[in-house]
Every structure is written in C-alpha cells, then in structure tokens.
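**Student:** My structure is below; once you've seen it, I'll send some questions.
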Amino acid sequence: MPVTIVLGGQWGDEGKGKITDALAATADIVVRPNGSTNAGHTVVTDEGVFKLHVIPSGILYPHCTCIIGAGVAVSPPDFLREIESLRERHPRLGQLYVSDRAHVIMPYHPLLDLYEERRRGAAGIGTTLRGNGPAFTDKIARRGIRIADLLPGSERSLRHKLETLLPEKNTLFIHLYGESPLDLDQLFEQARTWGEALAPYVIAAEVFVQDALDAGKSVIIEAAQGTMLDPDYGTYPYVTSSSPTAAGACQGAGVAPTQVDRIVGVFKAYTTRVGAGPFPTELTDETGQLIRERGREYGTTTGRPRRVGWFDAVAARYSARLNGMTEAALTKLDMLDPLPEVRICVGYRIDNQEVSAPPAQVERYAAVEPVYEVLPGWQCDTSQVTSFDDLPPEAQRYVARIEELIGVPITMIGVGPARRQILWRPAGALT
C-alpha cells in the first residue's frame with residue numbers, strides 16, 4: 001500500500017507543488033487533505049505557470065485522479081472557477097473528485113474573517129481573508145455545513161441548518177461589527193445552486209482511496225501550508241486552522257498512519273513566512289530584499305510580499321522529527337547564487353540560555369536570538385546544473401550541512417521552477 005505524504009517543513013510556500021508534480025508523474029492518485037483556497041501551490045510545465053489553490057498538483061497529468069479530502073474547507077465558487085480556468089489552459093486534466101465530508105466555506109465566513117481582522121487592527125493574525133478560519137471554527141463547534149448538505153435532495157435539511165445558523169451570524173454582523181445582516185432566502189438559494197454544480201464531483205473520498213489502496217494503487221497526499229503553522233505545534237496563535245503535519249494529512253485524506261511508507265518534507269534553501277508571528281532569522285536588509293525579488297516571494301493566493309530569512313535549522317529539525325520525515329526536498333537553492341556568504345541558524349538563545357526547540361509561548365519565541373553558522377557562498381549560476389556532483393563545492397557543502405542539521409536525507413534539490421530543474425539523489429548520498 002504505497003502512500004507518500006508531501007508536506008511543508010517551514011511556514012508554508014516551500015515548493016510542495018513542484019515536488020508533488022514531479023512525484024505525481026508515476027502516481028495514480030493525489031489527495032489534498034487540509035487547508036483551503038488560502039493555500040497556493042505553483043507548478044511550472046512547458047505549457048506555462050499554473051497556480052493551484054485547492055486542486056491537487058497532480059491534476060495536470062491525465063492519468064492522475066485528484067481528490068479534495070474531508071479535511072479541506074471548500075469554497076464552491078473558488079473551486080468551480082479554478083477548475084474552469086484549468087480546463088481552458090490544459091484540456092487534458094486528470095479526474096477530479098471532492099469528499100462529501102469536506103466542509104463548505106459559506107458566504108458569511110469571508111465576511112467574518114474580514115470584519116474580525118478589522119476589529120483586531122494591529123493585533124490581527126494576518127489571515128488571507130478567504131474565510132478559512134471561520135469555516136474551521138464552525139466545523140469544530142459542530143455547526144458547519146458540509147458538501148453532502150448541499151447536494152440535490154438535501155434541500156429541507158439544508159434550509160433547517162441555515163435557519164439555525166444564520167441568526168447567530170447576523171447577531172455578530174449587526175452588534176459586534178456594525179455591518180448588515182445576510183438574507184436567509186438568498187443564502188439558501190446560493191447554497192442550493194452550489195450543490196447542483198458540485199454534484200458531479202462528489203464522492204465518498206475515504207472509501208475511494210481505501211479501495212484504490214486495496215487494488216495496489218499508489219497515492220500521494222499533498223499537504224497544504226507548513227508544519228510551523230500547525231495549530232498545536234506551530235507559532236500559535238499565528239497559525240492556520242487545520243493541521244499541515246503528517247498526522248493531519250492522514251486524517252484529512254482518510255488514510256491510516258500504517259499505510260504510509262514515505263514522508264517527504266519540503267524546505268526552501270532559506271526561510272519565508274506570510275503574515276504576523278515570530279520569525280527568528282528574518283532579514284529586513286538588502287540581502288532579504290535581494291532574496292525576495294530573486295525568489296519572487298509574493299503570495300500565490302494574496303500577492304502579499306513574504307517575509308524572508310536565513311535557513312532555520314532548529315525549526316526544520318523540529319519539523320522533521322515531529323513528522324517522522326523519511327527524506328527531504330530542498331528547493332530554490334539557486335536563489336542564493338549571488339550571495340558571498342550564506343548563514344544557517346543552528347541554535348536559539350533566550351536570555352543567554354540555549355533553547356533546543358521552538359518555545360510554545362509565542363512571546364518567548366519572539367524573543368529568540370538566532371545562533372548562526374556562516375558558510376561561504378558559491379556566487380555562480382546553479383540553475384543549469386543537472387546533477388548534484390556538478391554543483392559548486394560550496395553549494396554541495398551547504399546542502400550537506402542542512403542535511404546533517406535536520407537529520408533527514410535530502411533526496412531532491414530544486415535549482416529552478418521547471419520540472420527538469422530538480423537534482424535527484426539517492427537517500428543518504430550526501431552523508
């Protein structure tokens with residue numbers, strides 16, 4: 001039962017789409033287990049650049065079946081627009097399904113997101129304002145609407161649920177935020193229309209995946225966001241609303257941990273994050289700006305500039321251990337090409353005391369002083385290199401040192417956005 005999990009080892013935006021796309025060339029099924037349209041995965045092919053949000057990265061292979069799992073919060077209009085846009089540019093797509101157990105981002109969820117961020121002002125989380133957090137809040141509070149609730153034949157129960165839910169939302173809109181209420185009839189009609197449009201895609205996804213595994217099919221689970229945004233183990237409260245870890249990937253995809261034999265952690269050769277929250281290695285100088293511009297570090301979904309910093313091996317090792325990574329992919333190595341020296345954060349200090357892992361309390365994490373190891377840069381173009389052995393010795397040393405620090409073999413190295421710009425290495429070859 002070959003299941004591979006691809007997940008982010010940092011704060012998201014590590015290049016998981018590129019790695020999933022590469023692995024999906026020989027996979028039967030790709031499942032998206034978590035997140036929502038707030039995530040963005042980029043795939044570059046000979047046909048151009050494809051920016052995916054909720055649809056798995058394997059969709060560009062006609063042989064690949066793609067599934068949006070139960071752990072995803074689905075915005076029906078965003079999903080329908082995304083699939084239509086893909087069909088216009090790439091007519092030969094893989095098959096696409098959506099779990100009937102996935103929760104729905106309803107029209108009131110983005111409004112709640114927006115109004116709450118406004119209310120918080122400078123203390124805001126920095127969300128993408130897509131309604132992701134409010135949708136997952138309703139899920140955990142057991143008052144969410146699921147895909148199954150929208151389908152034809154469920155109109156009576158759907159209206160009853162909305163009649164129960166909407167007064168609470170409107171109370172918040174009117175009395176907390178000073179905004180206009182939503183109309184029940186309009187909301188019901190919108191949801192019913194969504195259900196009709198979604199119906200051809202809806203399946204019992206967990207049953208489909210388990211049947212495929214029983215038949216010997218290969219499955220990739222493509223997690224969204226990154227481990228350091230996990231609501232339990234990340235920089236809470238500056239986190240996402242669903243688990244981007246290996247455990248969360250299993251839960252959202254309907255796969256048992258014992259069915260997983262490969263966990264690929266994806267890391268950038270430097271570090272980025274979007275929005276507020278602790279970021280010990282952040283660069284606010286010209287070096288940071290150079291990396292941001294070279295790496296086009298602007299959000300796939302929001303277009304917001306990403307914060308940029310040196311590689312944080314403390315957070316990366318924490319992530320590798322937490323997820324039980326069997327191997328790692330290191331992306332965007334070529335973005336560091338011009339630098340005369342590169343730094344790796346090898347330790348944390350707080351009040352002159354060494355800290356071996358990210359602190360749980362966000363205030364303590366914000367007080368971390370990074371301990372750096374300085375390595376020489378390579379100052380030459382690596383984007384045309386086709387094997388690891390052809391990289392400059394300084395670049396090889398940088399990769400090997402990261403591998404040593406995180407304790408996981410680096411088997412893939414990205415030196416550009418295209419499919420061909422991956423250097424493949426057997427596990428353990430760098431040590």
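Note: Cβ is positioned from N, Cα and C throughout, glycine not excepted.
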**Student:** Figure out which of Thr240, Thr284, Thr287 sits with Asp13, Glu14, Gly15, Lys16, Asn38, Ala39, Gly40, His41, Thr128, Arg142, Gln225, Arg304 in the IMP site per Swiss-Prot.
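**Tutor:** That IMP site, as Swiss-Prot gives it, pairs Asp13, Glu14, Gly15, Lys16, Asn38, Ala39, Gly40, His41, Thr128, Arg142, Gln225, Arg304 with Thr240.
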**Student:** Quick one: largest C-alpha distance among Asp13, Glu14, Gly15, Lys16, Asn38, Ala39, Gly40, His41, Thr128, Arg142, Gln225, Thr240, Arg304, binding IMP per the record, in angstrom?
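**Tutor:** With Asp13, Glu14, Gly15, Lys16, Asn38, Ala39, Gly40, His41, Thr128, Arg142, Gln225, Thr240, Arg304 as the binding residues for IMP, the largest Cα distance is 33 Å.
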**Student:** By CA distance, which of the binding-site residues (Gly12, Gly40, Thr42) lies nearest to Gln225 (IMP binding site)?
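**Tutor:** That would be Gly12, nearest by Cα distance.
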**Student:** Kindly assign Val415 (GTP binding site) to one of the three DSSP-derived states: helix, strand or coil.
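**Tutor:** Going by the DSSP assignment, Val415 (GTP binding site) belongs to neither helix nor strand, so it counts as coil.
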**Student:** Counting across all protein chains shown, how many other Cβ atoms sit within 10 Å of the Cβ of Thr42 (GTP binding site)?
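**Tutor:** So the number of other Cβ atoms within 10 Å of Thr42 (GTP binding site) is 18.
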**Student:** Just going by other Cβ atoms within 10 Å, which of the recorded positions Lys18, His41, Arg304, Arg306 has the emptiest spot?
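**Tutor:** Lowest Cβ count within 10 Å among the recorded positions (Lys18, His41, Arg304, Arg306) is Arg304.
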**Student:** Of Thr128, Gly303, Pro305, which is closest to Thr42 (GTP binding site) if I measure between C-alpha atoms? They're all binding-site residues.
**Tutor:** Gly303
**Student:** Give the sequence-ordered list of residues that share a chain with Val415 (GTP binding site), lie 6 or more positions from it, and have CB atoms under 8 Å from its CB.
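**Tutor:** Listed in sequence order: Leu333, Asp334, Thr382, Ser383, Val385, Gln421, Ile422, Leu423.
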